[in-house]
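Chemist: Quick one: the structure is below, and I'll ask about it shortly.
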Amino acid sequence: MHPHDQTIFALSSGRLPSAIAIVRLSGSHAGSALQMLVGRLPVPRMATRALLRDGSGEPIDDAVVLWFPGPASATGEDVVELHVHGSRAVIATLFSLLSAMPQMRTAEPGEFTRRAFENGKIDLTEAEGLDDLIHADTDRQRRQALRQLKGLLGDRARSWRDQIIEASALIEAGIDFADEGDVPAELMAPALARIGQLLTEIESVLSAQGRAERLRDGLTVVIAGPPNAGKSTLMNQLARREVAIVSPHAGTTRDLIEVQLDLDGYPVTVIDTAGIRETNDPIEQEGVRRARDRAAQADLVLWLAEDDQADIERQGEAPVWLVRNKIDLSGDREGDCPSSSGDNPAFHISARSGAGLAQLLEALVGFARDYFGSIESGLITRERQRTLLDQTTAALRRSISAIDLGEELAAEELRIAALALGRLLGRVDVEDLLDVIFREFCIGK
Ligand SMILES: Nc1nc2c(ncn2[C@@H]2O[C@H](COP(=O)(O)OP(=O)(O)OP(=O)(O)O)[C@@H](O)[C@H]2O)c(=O)[nH]1
Ligand SMILES: [K+]
Ligand SMILES: [Mg+2]
């Protein structure tokens, strides 16, 4: 699929122009390209200042170059890094020179990482961690991605897989040994005990997990309520900028408006919606439909209203907090107030003046903290990983109950369990999946 006789290159740093731009090359022709540009190969792994020149000896830029001969490199192949001045002209000249070299082409998104993976430098969970780290917006996301990148889940999965293979070797040895008749108990007992232990261990990782996957995606808070309650005003306050149009005209907001917030390190998406009411305007009807739809999928709904007796509409499972707005008009005290909606808290605010917003924000941070739970220790960050671990435990459970029916059956279930862990690590038939995963990466990564 990926002809590795091709050497790839890409801009691995950010948008141009920039003070410095880093162009990375990987593949068997990286060294000769460097030699052509610099006139020699520098000492490996040492930052070296060099004048880059084109084929006719014309200088391109004064640069710092790095030479990482494979396999001791990030991708496992020969790697070159060119740290040049980040101007569009320098990069354009360099790229046209590189493109003209034989067996040299620009990299596809994630292709460097993919080569690292294919050369056994990282496993799939680490590649996913790398992707998460690059896309981490908040501090907590960064820490979680870094744990993944360090291979904590990968290390555990590798050890589980080894133990499963050992247990099945014990059973299979017994099968050969027994010829006809039953596998001797002295072989089966330790194998069974090991499978039982493993099962408990993987199950505890699965259940301690809670919502680490969600830390990647964030928590969704929907602002809903009747028209003119001040939803868009609150949205703008939370976003600290004018993202939504505010007007005294009921039915101003039609589309869903999203902002990403970093609430004390937790990623939270806040969504402003159309005021919910009966209407004959087909466009507003569509807005109301979208508002209800989004509220149904929310993790938390803030129901904004102008009085405590507001008719809260519940769409999904999510808790709904009553937020009474415009207390500057009613003269009510700010802050949280005795609950008027069952177990859920209620708040008194003025979205316009900002009164009571501090208490609301504090409660949101508390909600996020509870919601994400003790994910600091979580290992699983993706649905893919959870699904495969679920498959592993299911197969282990089946293998334990299959023991009485026959050792071959039990051994077969263990093979299925080991296969699921192999998939988790990206070691077995995941070609189709690789395309999906690496496509999400940035170019130059
Ligand atoms: N006095 C006062 N007016 C407010 C407050 N919050 C919002 N308003 C006003 O109420 C009107 C409606 O505000 P919006 O934020 O557009 O209300 P909305 O709920 O988004 O309205 P729709 O999008 O039409 O459903 C505007 O004139 C706001 O200035 C508040 O706390 N106090
Ligand atoms: K309005
Ligand atoms: Mg609005």
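Just so you know, glycine gets a Cβ as well, placed from its N, Cα and C.
According to TrEMBL, the (6S)-5-formyl-5,6,7,8-tetrahydrofolate binding site annotation covers R24, E81, K121, K445. Residues annotated as domain 'TrmE-type G' in TrEMBL: 218-369. The feature GTP binding site is assigned by TrEMBL to 228-233, 247-253, 272-275, 350-352. Sequence annotations record features per position, and here TrEMBL assigns Mg(2+) binding site to S232, T253.
Surface or core, plus neighbours and distances: that's what I need for these features.
Modeler: For K121 ((6S)-5-formyl-5,6,7,8-tetrahydrofolate binding site), applying a Cβ distance below 8 Å and a minimum sequence separation of six or more within one chain yields A74, T75, G76.
Neighbour list (S232 (Mg(2+) binding site), Cβ cut-off 8 Å, at least 6 residues apart, same chain): A244, I245, V246, T252, T253, I257, D272. S232 (Mg(2+) binding site) falls within a helical segment according to DSSP.
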Chemist: Should we count any of the binding-site residues R24, K121, N228, K231, S247, T253 as near ligand 2, judged by a CB under 6 A from one of its atoms, and which?
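Modeler: By the Cβ criterion, which requires under 6 Å to ligand 2, the hits are N228, S247.
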Chemist: Can you tell me the CA-to-CA distance separating R24 ((6S)-5-formyl-5,6,7,8-tetrahydrofolate binding site) and A274 (GTP binding site), as a whole number of Å?
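Modeler: A274 (GTP binding site) has its Cα 47 Å from the Cα of R24 ((6S)-5-formyl-5,6,7,8-tetrahydrofolate binding site).
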Chemist: For the domain 'TrmE-type G' (218-369), would you mind checking the mean pLDDT of the predicted model?
Modeler: 89
Chemist: If the criterion is a C-beta within less than 6 angstroms of any ligand 3 atom, which of the binding-site residues R24, E81, N228, A250, T253, A274 pass it? List them in sequence order.
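Modeler: Within range of ligand 3: T253.
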Chemist: Record lists R24, E81, K121, K445 as binding (6S)-5-formyl-5,6,7,8-tetrahydrofolate; longest Cα-Cα distance in Å?
Modeler: 18
Chemist: Let's check the environment of K445 ((6S)-5-formyl-5,6,7,8-tetrahydrofolate binding site): how many other CB atoms sit within 10 Å of its CB?
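Modeler: I get 21 for this one.
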Chemist: For the C-alpha pair, I'd like the distance in angstrom between A351 (GTP binding site) and K445 ((6S)-5-formyl-5,6,7,8-tetrahydrofolate binding site), rounded off.
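Modeler: Computed Cα spacing between A351 (GTP binding site) and K445 ((6S)-5-formyl-5,6,7,8-tetrahydrofolate binding site) is 43 Å.
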